[in-house]
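*Asks:* Annotations per Swiss-Prot:
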| type | residues | note |
| --- | --- | --- |
| DOMAIN | 139-174 | domain 'UVR' |
| MOD_RES | Arg115 | phosphoarginine |
| MOD_RES | Arg169 | phosphoarginine |
Amino acid sequence: MICQECHERPATFHFTKVVNGEKIEVHICEQCAKENSDSYGISANQGFSIHNLLSGLLNMDSSFQNAGTQMFSHSEQISACPKCGMTFQQFRKIGRFGCSECYKTFHSNITPILRKVHSGNTVHAGKIPKRIGGNLHVRRQIDMLKKELESLIHQEEFENAAHVRDQIRLLEQSLKSTDSEEEQE
């Protein structure tokens, strides 16, 4: 996508503005964003890069850093990725891994970061197409309720757990009935 201001460089900033109830999308390059920083709400003296974002996440705050000393000490035991040779310290510096094996090698180090960034989720769920995903929505809901049930039992909230268990049973019954209907067709 090309910058809407200069029509020369690739757009790296994408804004959505709502003006008088009308949604307007603006796509501009970094240079035009700096030049027109006031109109886009960007501070001209404060640069932004993905590196700064990831560095900020890796060095979140003092409580995270204190917890991170134990977390990062494990990465020093694993000196480098066996495939590409990248160390976790290098990842912290440049903000990106060298290969897919790095994710496996440094999994225990990046899990807290991912959990913080993705609101507690560390597993990609993806989207389900509406046309063909009817049963998948129900199965996902059952999986979420089962996790909630385990949590409630662990917290000894047995009355709430019984309600969740009943919801799971109802959803499983509806799933069985839709599966049997599809088999008959």
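The count begins at 1 with the first shown residue.
A Cβ is built for glycine as well, from the same backbone N, Cα and C atoms used for every other residue.
Give me the structural setting of these features: burial, nearby parts and distances.
*Replies:* Same-chain residues lying 6 or more positions outside the domain 'UVR' (139-174) and placing a CB less than 8 Å from one of its CB atoms are 125, 128.
In this view, Arg115 (phosphoarginine) is surrounded by 12 other Cβ atoms within 10 Å of its Cβ, with every protein chain counted.
Arg169 (phosphoarginine) carries a helical DSSP state (H, G or I). On its own chain, Arg169 (phosphoarginine) has no residue at least 6 apart in sequence with a Cβ closer than 8 Å to its own Cβ.
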*Asks:* On the 0 to 100 scale, where does the mean pLDDT of the domain 'UVR' (139-174) fall?
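*Replies:* Value for the domain 'UVR' (139-174), mean pLDDT as a whole number: 93.
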*Asks:* List the helix, strand and coil residue totals of the domain 'UVR' (139-174) as derived from DSSP.
*Replies:* 33 helix, 0 strand, 3 coil
